Amino acid sequence: MAAFTSTTTAAAASPTPCRPAALVARSSAAPLRSAAPVVVAAGLRRAAAPSRRGATLRVQAKKQTFSSFDELLEKSEKPVLVDFYATWCGPCQYMVPILQEVSEKLGDKIQVVKIDTEKYTSIANRYQIEALPTFIIFKNGKPCHRFEGALPANQLIQQIESALEVAK
């Protein structure tokens, strides 16, 4: 999993997905399960760490390992927001602090999971990920809402809340 330390200062007023030719050209006939266990970062938390200038915020991600993506969705007691990303994707890196903020604001309403599309290509193919970042909200193990592109925190929260309201 990518570390939660990279940040960018680019701002996006509207969704700006990356569409790499390699992802678009990928065959959808790939196997549905990856051979390696799925490792995700979930339950983003902020912790105070002392410094000379006062407290510094440090993000801690709770890493969990599942034998399959389906197991992760099946065992989740709350809706799951999956961020399909790549380490080379600028808008994906822009979303790192935004996802942290959203996770903090929504608390126990939703579980945030990040899936590296380069590492887990079979999962990306299964959900036909062609643009990055792509977000899919799963409720009861099934996708209920999907959107693409980098969004400010307030718009991301609106997307999540409206999807959860419709899915009730």
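Every residue, even glycine, has its Cβ placed from backbone N, Cα and C.
Keep in mind that this is a model prediction, so the values were computed, not measured.
Residues or ranges marked as transit peptide in Swiss-Prot: 1-58.
Mean pLDDT, taken over the domain 'Thioredoxin' (59-165), works out to 91 on the 0 to 100 scale. Annotation comment: Swiss-Prot describes 59-165 as domain 'Thioredoxin'.
According to DSSP, Asp83 (site 'Deprotonates C-terminal active site Cys') sits within a strand segment. When Cβ atoms from all protein chains are considered, those within 10 Å of Asp83 (site 'Deprotonates C-terminal active site Cys') total 22, not counting its own. Summarising the annotation, Swiss-Prot assigns site 'Deprotonates C-terminal active site Cys' to Asp83.
For Cys89 (disulfide bond), the number of other Cβ atoms no farther than 10 Å from its own Cβ, over all displayed protein chains, is 21. The annotation disulfide bond is assigned in Swiss-Prot to Cys89-Cys92 on the grounds of sequence analysis.
Marked as active site, nucleophile by Swiss-Prot on the basis of similarity to another entry: Cys89 (among others).
Residues or ranges marked as site 'Contributes to redox potential value' by Swiss-Prot on the basis of similarity to another entry: Gly90 (among others). Summarising the environment of Gly90 (site 'Contributes to redox potential value'), the number of other Cβ atoms within 10 Å of its Cβ, over all protein chains shown, is 15.
Secondary structure at Pro91 (site 'Contributes to redox potential value'), as computed by DSSP, is helix. The site 'Contributes to redox potential value' annotation in Swiss-Prot covers Pro91 (among others).
Summarising the annotation, Swiss-Prot assigns active site, nucleophile to Cys92 (among others). Within 10 Å of the C-beta of Cys92 (disulfide bond) we count 26 further C-beta atoms, all protein chains included.
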Minimum Cα separation from Asp83 (site 'Deprotonates C-terminal active site Cys'), reported as the residue among recorded positions Cys89, Gly90, Pro91, Cys92 that achieves it: Cys92
CB contacts for Pro91 (site 'Contributes to redox potential value') [other CB atoms within 10 A, all chains]: 21
DSSP residue counts for the domain 'Thioredoxin' (59-165), split into helix, strand and coil: 46 helix, 34 strand, 27 coil
